[in-house]
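The annotation active site is assigned in Swiss-Prot to His45. Residues annotated as ATP binding site in Swiss-Prot: Tyr48, Lys87, Asn493, Gly530. Taken from Swiss-Prot, the feature Mg(2+) 1 binding site covers Glu89, Asn531. Annotation comment: Swiss-Prot describes Ser90, His91, Asn92, His93, Arg112, Gln236, Glu308, Ser309, Gln310, Ser533 as substrate binding site, evidence class sequence analysis. Look at Swiss-Prot and you will find His91 tagged as active site, proton acceptor. The annotation Mg(2+) 2 binding site is assigned in Swiss-Prot to Asp113, Asp264 on the grounds of sequence analysis.
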Amino acid sequence: MSQITPDVVAAHGLSEEEYQRVLHALGREPNLVELGIFSVMWSEHCSYKSSRIHLKKLPTSAPWVICGPGENAGVIDIGDGQAAIFKMESHNHPSYIEPYQGAATGVGGILRDVFTMGARPVANMNALRFGRPDHPKMKHLVQGVVAGIGGYGNCVGVPTVGGETNFHKAYDGNILVNAMTVGVADTDKIFYSAATGLGNPIVYVGSKTGRDGIHGATMASADFDEKSDEKRPTVQVGDPFTEKLLIEACLELMATDAIVAIQDMGAAGLTSSSVEMATNGKAGIILDMDKVPCREEGMTPYEMMLSESQERMLMVLKPGKEAMAEAIFRKWELDFAVIGEVTDTGHMVLKFQGETVCDIPLGPLAEDAPLYDRPALSLADYKAWANVAPLGTVPESTDLGADLVKLIGCPDLANRRWIFEQYDSQVGADTLQKSGGDAAVVRIHGTSKALAISTDCTPRYCYADPYEGGKQAVAETWRNICAVGARPLAITNCLNFANPQRPEIMAQIVQALNGMGDACRALDYPIVSGNVSLYNESKATGGGSAILPTPAIGGVGLMLDHEVMTTVAFKDEGDAIWLVGGEGTHLGQSLYLREIHGREDGDAPSVDLAVERRNGEQVREWIAAGRLSAVHDISDGGLLVALTEMALAGNKGCTLDIALTTAAAFGEDQSRYVVTTRAGEVLEGATRLGTVGGSQVAGVELAALREANEAFFRDWMEG
């Protein structure tokens, strides 16, 4: 009797139609190993089956792009024979179930994506979304995630230099943990994943394989329910000290000519890495499962192929290089095993105890995997479904100062010192600007150059209008990178959405990608890598089912001379304060409206991409000419919040020469900056706002603003 029953198929996350495709691909019934392999390779996490046709519309090339999407990470040319290599990944579901390990292994996985390509990691970033602070589980989740990110990054010796953290009830039952790593490599020492060379040895290196993480990729492609906590065994366990050894061993071997191809074992472990390598090399692959280093007794081929144990890599070596490579990995106290070879069959064949336990043509697993053009509402129909209330009238504030105190103290704007003090941001001694500025800035060791990095997304905008929200997420990273004086070069993304089988959710995906694509084209700012995380919704809590659409963007820019870098802090008494980009008018979907009036109403602000580019290039020009002493983009909370953040950073107040309406004070119109110059300097096209000096902003003492800004995390974590 067959062991592949309809229940077994369903438990593997395959639809009846997909199972029929498996039968057609094999010309027979699969065994359990083969079914498991199809299951993980056809999961959303590995196949992008619901998003791939839309991802293909994104701009991915530019003269400085060396490698776009499709490899482990994106690669851009930063001059002088050097490249920046970077990517962003999600670890959402594991982090909700087991926050410390989920977040830690998210960091470990994205580090491997980057050093797999030959780069030494120089910076980690993150984008975190949590539910309401008063949700009974949220404090535990925040503490665990932050400790996991800090614990792993600090031990590996890669600085965590910034990120963003937001709170909203839509994430009560499904938090988001998106991790980003940036590395630097020589352009002539970049490694790819295409397995080539008939008979070349396939080598397993790193940690041993255990039973942790089995079906992690499938779990990441499913909704949450009340039983999700039972999936704790499928959360992987990370060991950052082993990862550090793995980085050093890989980079040492990469300095030789031994490696033909290399791939980390991430989602779907040995299955995904071997399939991707063989597919990219248009080859076949045969593996001897008896040779896989195992941590536990009696592991089956099914378990070995689907395990997501951490800190493991797969390589193809040149013939005769095995002994040299093994000596390097043994020196670093890591496992090393030749477990197979490259073939020309176009099949994945697995042997175990003398028998063939798997024989699958590679085409159906990868290039010919299911591809869905799922029904999506039009933007107009989506807005009708979302039913966001019109803005209507917003009463004029009777006390701008009191509103500012409340706003600067809300969870989304509160000082994040409690978070970033747990991250080692200075390891490596090249961090020039960290959390609290517009973008993190990391010097490229031994040069005058620096990379600027920013992660951004405003999910409330994306819910109200996913097209404008997608545009805005890209534009804000561009703006933040311009604000420190760097030229924005490329982005990575982490597309977090709910169930794509719902037309309204599919509309969010399609429209956000359309907006992102338009912004990238207008700003000459291509997408070079990314990740899609779907089914981010939970039936397990009362906090609403689907998350807000959250297309998190990670931007990277280049500064040729880091001496010109600007920061947000007010510098000298008497400096002139200027507004670039016009007065605020837009209160729809603003943080002010939500925090002061308890409303999430109105349209998202629109982004005029031509204005965005013009203003950003103008600010960069002024920075390069040495005319600006401080720069800050205007985003959440509008002008008064931006001024307050500059005042708190520089410990100097400001006096304003203009009367502020509520919309001018707190409106979130896009493409705007606050900048300061020396007294007497005139900025053409900018509006003079006032002067740096004193101890107040909007009539409120800096001490009161600082206390309000620092109270939330301090009181929450001590309470």
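Even glycines carry a Cβ here, placed using N, Cα and C.
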Nearest-integer angstrom distance between the alpha carbons (Cα) of Ser90 (substrate binding site) and Gly530 (ATP binding site): 10
Other same-chain residues whose Cβ falls within 8 Å of the Cβ centroid of Tyr48, Lys87, Asn493, Gly530, the recorded ATP site, in sequence order: Leu55, Pro69, Met88, Glu89, Thr492, Cys494, Leu495, Ile527, Ser529, Asn531, Val532
Pairwise CA distance, His91 (active site, proton acceptor) versus His45 (active site), rounded so that it is a whole Å: 11
Cα-nearest neighbour of Glu89 (Mg(2+) 1 binding site) within the listed binding-site residues, Asp264, Glu308, Gln310, Asn493: Asn493
Nearest-integer angstrom distance between the alpha carbons (Cα) of Asp264 (Mg(2+) 2 binding site) and Glu308 (substrate binding site): 11
Maximum Cα-Cα separation in Å among residues Tyr48, Lys87, Asn493, Gly530, which the record lists as binding ATP: 16
Spatial separation of His45 (active site) from Asn92 (substrate binding site) - C-alpha basis, Å: 12
For the binding-site residues Gln310, Asn493, Asn531, the one whose C-beta sees the most other C-beta atoms within 10 angstroms: Asn493
His45 (active site) and Gln310 (substrate binding site), distance between Cα atoms, whole Å: 17
Entries of Lys87, Arg112, Asp113, Glu308, Gly530, Asn531 which, being binding-site residues, have CA atoms within 10 angstroms of His45 (active site): Asn531
Greatest C-beta neighbour count within 10 angstroms, which of the binding-site residues Ser90, Asn92: Ser90
